[in-house]
Ligand SMILES: Nc1ncnc2c1ncn2[C@@H]1O[C@H](COP(=O)(O)OP(=O)(O)O)[C@@H](O)[C@H]1O
Ligand SMILES: Nc1ncnc2c1ncn2[C@@H]1O[C@H](COP(=O)(O)OP(=O)(O)O)[C@@H](O)[C@H]1O
Ligand SMILES: Nc1ncnc2c1ncn2[C@@H]1O[C@H](COP(=O)(O)OP(=O)(O)O)[C@@H](O)[C@H]1O
């Protein structure tokens, strides 16, 4: 089992969610974050003064998926979140030992 | 070492925390999230119009635990968070290479 | 590849960020969290009544790093975040299967 | 110049109260939008204070309240003259010669505040998606071509006044007028991205209630002040305002409770505004029991009327039509039935007090005529703006949030982390940045 | 009808000011609750405006301020008559025949606003856990059976007025009365889940300060308006209100600084309210220096009194007892010592000005009698409601949050993500949903 | 005692309005800080109400408005006498003997509110970093040594009054005075940690707009009330206030649009305040067209002036200098050109109406003298406090947030999780805790 984490632009959440649903993903967890990567280093003017701004708002999407689906899920997310501009975000995948559905106590793939 | 992540109903946080403490867990990290799984697809009426709502507020609890405790910790969480209704949440466990306590720089189990 | 997660004191974020930059880290993701470890159990007086307070605000920093840099990154974070007092936080590291840059679709080390 | 100090004391106060209503409206509207567009929503109200004040001083007062020529001509039925351009002629003159009036500048300031809020009201129909510059231009044009003339028609000696229309504090001039313009703009701008799909619920209901609190408070100046004197009628207008508002708020949340199973905060807020709107034209003309009934009717009807936009498919975002157009019309027409204290020449009691059906006719004609005129003019002005400078922002800017893309600010930055470079862990940081990144 | 325009101008203004106090109270109380119950807290205040306004128009004014029969009978000592049902008889009549008064409808509206806020004040004792419908019923019943009679006792020519009680603006009628009822309801409803275990700290102190700001502002109408005239006493009441409030706020935060090591925002807010409450009965009767001393005492005593609930184990959630019951009683009793300007028949100076001990007796008797009556009646009404329709919500609903479970709304939705289906990343989405999911 | 009820009605109202300005300022300032210091910012305003009210009652009124001796001596040019210590002598006396005045206590309360807000204004220069106790001491000292004397110079019959200075409502006494003191304190306390590196943007612009809304509303009491009568000049002052404010807000956002590409909410807010400040000394002296021009100039100039601090490197955190010192000076000096309605002995029309250049001289001299005096005194008082009790908090406390470290509270706790022990998932929990953990 894999945990796929995507840090994306907030306004792309909708598209990513729709794409995942269409792909057949049955659940996800979303939270707010900030970050920077290549995108950093732009300046901002406010009230006549200039500032360097680092951290930009992002949305973090986490999806638990079966081993075999993982690559496809990643592709789906990347495609849906892409604008081609810096700040598009990162996706990574981590191995998961076990998943449990709290309601039933089911484990593994059935818990998804 | 394992990192156990639980996405649960907000009002169950108290019970989960109490259960973990009783089990002897000495630390945890909590944050806010939203998500859906089987629970999605209900509708909501507001001001005379109906909407499909997807993402429901959840609390994410993260616990670092020793390899041997991991299964027990999961059981403790699942038991405490269970209401038997959809939306109860998910728990998963991920392998951890190493843990460090910032204050002292201790590593591994001592750092917990 | 590794995902290094640090849960630190909020007012140390600046120092950690600066230290990571100097080390050459090109990206990070930051979010808000709460937690407790050894630090728990202090009391607080408000309006003449006393309360036990558990969860203290923290900042979570996540850094994706190459296998070989992981140890150094951890050291950099620990050094920058340390005040020597309880509540300084935890750092842990998790193996990552793959990382993708959304903008380009690049994978692995190049995606960092 | 002789004036009555008591009357003037109250009218100065009333003017300040009505001015406060526009910030109140900004909070009411601002709280109802999503967090990403609260600033733009409030800015539309605040900039209306600017545009209308400046046009009022330059020529608005004259167009609305000066007589054209000697006043006894056909042009004066439509529009006022130009004697008070720049307001200079009002200095050191009073509304009445017998010493029972107030300085003309106080009267002018009082009327100015009505013009301001009428323009601001319209903005509720176009939340989240209007170009700021376009809104500024629209406000100036609509005030000039619609509000000033219509105020003249009803209160400045124009044709509706001649017909004996009863509009104590502006059910027709303010609410029907603004509501119809809002409807027109909702058509001109089209629906928000995601409308009917996202709930688009109020992001801050404490702000909504703050707005309602200030509106209710200020509305006493609006309604009781419209008597332009301190007397029994002012007292009646005050009490009726309170009674109708409470009744309407109660009726609205009762409808909600019965229909949806719960009474909402937005319901209490909307119901109160619906009551205030409906009693506006009627407050000095009716008995307290009639105000109570009028409030109940307005609250219940408007609770349903705000659903109309879903049926007819126009995105009147914050219910300007359902509350102001419908509520204002209810109040205006009701006077044909329940008016009991007409005071001007040509005004009559309502049907149930034996008044003539013609009064009911005028009470219907007024809102219809004003509503149609305002709708058509707003639509034409809106379309011209849309074709020239454009009235709607880019979709990507709308989805990202109009606050950050238009005003380079976000409403809130409550994150605990404010160290260097972390302007906000939770919120967009700046348009400048957004621009540079996304473009 | 002849009136004084200056007096009427001020009384209309004062009425609007006092009405604004109830929204102010809603913000003060709302900010003090946790984020998940801010809407319900504010709704309890707003719905009090509705229930009390409607009952006032129908019969409240009559019960409180009409004389029963010719006024010279034993029933009138307890309760008023019915001449002003529907307020119809007040139209076009004035409070005084000599032209120095105001329209009766203005007087009625002024008194109405007092009834409203008194009911709303009670709600602070039962934050987070009361059924909304039960609160509506309680408000109507308590206003009818307690407020209207008590107002009659003190201000309407009833038995306490006969004894020469001094209560300028309602220390007894409003604050002791509401505080005692709050205490009773705290017992009826029981403690909140988690009380004494969770800090349950204010979720929005800017809202608390907004509430205090509006209360302070409105309270000038409350206190100086209670002179019902524009004269030197009104000026004295105004100045004393300012002095006592500042002194009490200062005393409260000084106590905090010395006791806890820091002065808090909630302390300044609570201290100001304590001062306003304590000076309410006294403002027109005392010298500025006495107002200063009274403020200092009230601020310091109430800073300790809010801790009583922990000692005695009742969950008076937002300190209605510690601030209003205690503060109101301090002010009432103090007049037995420091009153200097009695004005009605039977009223006397305080002890230090050589007044009789009997005045002190009356000043003690008043709050005790009113407090007991209100406590008992509120307890009985509350218990009846609890046994029939139930007064407290389910515990799961309470823990989840009364806003979402009762009103199907949440106060804030500040998340940056508002794309389709993401009503809020941070907040509960709707009761409907919560219901469907959890049930 | 005979008074005019209309005048008194308005002056009581105006006093309440001006008092509301200080909470308004608290919200305006509070919204501009970062979330971690909003409470301290607001507390500095609220505690100014306390300190200034108490000093005013004890001796402030006397120093400012009593004549020293018979008034005809050199000491009286500098400072007032002591007849009204404790305000006792004001009871039951009126401002005028002919019955056209108001109770002296109303006049005193009105002037008190000016003293309060002037002190509160200063706090904007030292956001986020001042010891609370030090601020309390500074406020008392500066009010005593600077505000009371300066008010006497200009309005109490002192030397500037003797020279015929025109300052209708306090451009010099209030705004230049406070602005200069703010500048001094900015130097005494030094820059905030991270200044120029972090944007330090407003954390809550809805709060900023609320503040501006209340300030604007209250300012009508400030300006029109300063006529101390209800007459044509009060009406003129009212209208001019509205016109200049709208013009200045418009000018500011136009400058922003042209310079930065977008009009901001903070710009509208700051522009409105700049306009209110600039028209303050002028409102009763000039024509509406002149108010319009003055507003445009003040808005545009101040939009640039707030950038001065970056050029000169002082951290006037919330732009007290750029808005109040600059705006107040513009208004004061402008009267030398555009004053048209002088009313006191020694006052003259402005240059363009053929007035003498000497009036312009006095209009320059006033702000310069007051500004220098206030700057020097504030600097000296500030330095003495800094050397003795310390004026600035520890850097770690500043970075963590002054709210939690000084007041043991945080402004907001909006997290959805409020179960036991989770005071807040999102926010700092308590100073107590922070102390125990970090120390
Ligand atoms: N090394 C990293 N570790 C953790 N998160 C990262 C890392 N690099 C980037 N991110 C996350 O990805 C987001 C987008 O990164 P960015 O560099 O802007 O994308 P790109 O490299 O495609 O331009 C950042 O805001 C941050 O949250
Ligand atoms: N595939 C998944 N990946 C990540 N998180 C998930 C996934 N499925 C469910 N979740 C999380 O678990 C929460 C509860 O899921 P839900 O489907 O409602 O539980 P159940 O399946 O027991 O009814 C969701 O709100 C979401 O945050
Ligand atoms: N077992 C754990 N699992 C997950 N997070 C933990 C754990 N222990 C501590 N933490 C996180 O680390 C933070 C700091 O821990 P703390 O115990 O205060 O540090 P220390 O042990 O060095 O005193 C906590 O607030 C919590 O967020």
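The backbone N, Cα and C atoms fix where each Cβ goes, and this holds for glycine too.
Automated prediction, rather than curation, is the source of TrEMBL annotations.
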Worksheet item: Which one of F:168-190, F:398-420 shows up in TrEMBL as transmembrane segment?
Response: F:168-190
Worksheet entry | Same-chain residues near the transmembrane segment (F:202-222), Cβ under 8 Å, at least 6 residues beyond its ends | 13-21, 23-35, 38, 114, 169-170, 238, 241, 245, 265-266, 268-269, 272-273, 276, 280
Worksheet item: For the transmembrane segment (F:266-283), which stretch among F:168-190, F:234-254, F:289-308 has the most Cβ pairs under 8 A?
Response: F:234-254
Worksheet item: So what's near the transmembrane segment (F:134-156) in sequence-distant terms, Cβ-Cβ under 8 Å and 6+ beyond its ends?
Response: 44, 47-48, 51-52, 55-56, 59-60, 63-67, 77-80, 111, 114-115, 118-119, 122-123, 126, 165, 167, 172-173, 177, 181, 185, 366, 370, 373-374, 377-378, 381-382, 385-386, 389-391
Practice prompt. Could you tell me what the rest of the chain brings near the transmembrane segment (F:12-31), counting residues at least six beyond its ends with Cβ under 8 Å?
Written response: 38-39, 41-42, 44-46, 48-49, 106, 109-110, 113-114, 116-117, 120-121, 123-124, 127, 202-215, 217-222, 224-225, 269, 273, 318, 411
Worksheet item: Which bits of the chain, at least 6 residues beyond where the transmembrane segment (F:361-382) starts or stops, bring a Cβ under 8 A of a Cβ in it?
Response: 122, 138, 141-142, 145-146, 150, 153-154, 160, 163-167, 171-173, 176-185, 187-189, 325, 328-329, 332-336, 391
Worksheet item: Between the transmembrane segment (F:320-341) and the transmembrane segment (F:38-59), are there at least three Cβ pairs closer than 8 Å, leaving out pairs fewer than 6 positions apart?
Response: no
Worksheet item: Cβ under 8 Å to the transmembrane segment (F:234-254), counting only same-chain residues 6 or more beyond its ends: which ones?
Response: 10, 168-169, 216, 219-220, 223-227, 263-264, 267-268, 270-272, 274-276, 278-279, 282-284, 286, 288, 291-300, 302-303, 341
